[in-house]
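Notes follow the structure.
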Amino acid sequence: MMSRHAAFVLLLAFGAVFQLSCGIEVNVTKEDKLCLYANLMLNFSVSYEVADNKNQTAVFELPANATADGSACDNTTSMLKLDFEGHSWSMTFTTDGKNYQAAIITFSYNLSDSKLFPNSVSNETKTVIVKPQMKDVGIDTCYSCHSKDTIEADSVNMTLWNVLIQAFVINGSKSENLTICEADTPMTTVAPTTAPRPTSTTPAPTLPTPTTGKYSYKPDENSTACLLANFGLRIGVKQGDKLEEMNFEPNGTQISGSCGLNSSELKLVSSSITIEFTFTNDTKKFRLHALNVTGKTSSGLTFTEANNNMSLWEATLGSSYMCKKEQNFTIASLVTIYTFNVQVQPFGVKKGLFSTAVDCQADADSFLVPIAVGVALLALILIVLVAYFIGRKRNMRTEYQQFN
């Protein structure tokens, strides 16, 4: 009995550590019981006014240190509220007792934040309110949606993905049952009425995962690389209600750039796309600050979009940034970029090799799950061995007493 109890306590301890180490994961409690659970990824694209009646677009992610102190639960309503650096994002839920839905999303952003909104002519805090598509979720189920859901509001785009939410937790325990979003559900079509039975077909094929290109820039032939970048890249161009996508082909790509103390650039030119990355640093961390994309789609549409106010791919100077999972960022109203298997280091490259990588938030779960499971299994093995030797020792003592 003691061994079983120890194993149970040990697994609970590992579970708590794992929960605290996930990405943006929130556990809201009421009277010491879990009442709302959420785990999600979120990024923003905000257009704002600068001098001379011009607009800039800020692109940023929900930071990992966002707090959920303002979240709350009730019998008929609940709210997930995330505060970060003077800004806030919330989703309010309602229920009729059988199903629940997301009623509204509210995003408030402070234009006086010069880091996210440099050169803004306004210092006011603006708020947008939109109605999301999450509805008819069973009361004792979690809403699950891995697909990207871009929600458009006045001057703001919000993209949610890898979402797992239970807005009304019953008896303090998160449900294992899922209500899966429509975007994650395979499409089906019904055969013509002349056919004897309806048949199902798979969704139209999508583009294959882009080839991961390995790019490096060095000032001259006699020097080593000062900027390294590996990634697969897809460009999405919006045409009305349709999105046309194309993969960036690394073979035959022309590479140029520059390496500076506080700013580095990488320019890639393929047969159909030219893309320029600008990285900056503040002596402590570096980030992708600007992106300029020019190209021509397979349908013949020519496009040019730029964003000079981004804060992506951030890592400590002296390290590299790495993210194996797919990411997507809306850099302007018409263009979205999708990245795969990213590793970049625009500063402090030594001997032409990447330094130790800082993993993105999206990769955190991938590493934590096997580590937690492995440690838990090792602990259980140790407990079983200890119990075995204790039992064996007791049996030997009993046999010795009987012999005497």
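The backbone N, Cα and C atoms fix where each Cβ goes, and this holds for glycine too.
What TrEMBL says about this protein:
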type	residues	note
DISULFID	C145-C181	disulfide bond
DISULFID	C323-C360	disulfide bond
DOMAIN	27-170	domain 'Lysosome-associated membrane glycoprotein 2-like luminal'
DOMAIN	210-350	domain 'Lysosome-associated membrane glycoprotein 2-like luminal'
REGION	189-211	region 'Disordered'
SIGNAL	1-23	signal peptide
TRANSMEM	367-390	transmembrane segment
Which number gives the other C-beta atoms within 10 angstroms of the C-beta of C323 (disulfide bond), all protein chains shown included?
22
Including all protein chains shown, what's the count of other C-beta atoms within 10 A of the C-beta of C360 (disulfide bond)?
21
Please give me the CB contact count at 10 A for C181 (disulfide bond), counting all chains in the structure.
17
If I take the alpha carbons of C181 (disulfide bond) and C323 (disulfide bond), what is the distance between them in whole Å?
25
Cβ atoms near C145 (disulfide bond) (within 10 Å, other residues, all chains):
22
Would you list the DSSP helix, strand and coil counts for the residues of the domain 'Lysosome-associated membrane glycoprotein 2-like luminal' (210-350)?
0 helix, 92 strand, 49 coil
Between the Cα atoms of C145 (disulfide bond) and C360 (disulfide bond), find the distance and write it as a whole number of Å.
20
Please work out the helix, strand and coil residue numbers for the domain 'Lysosome-associated membrane glycoprotein 2-like luminal' (27-170) from the DSSP assignment.
3 helix, 90 strand, 51 coil
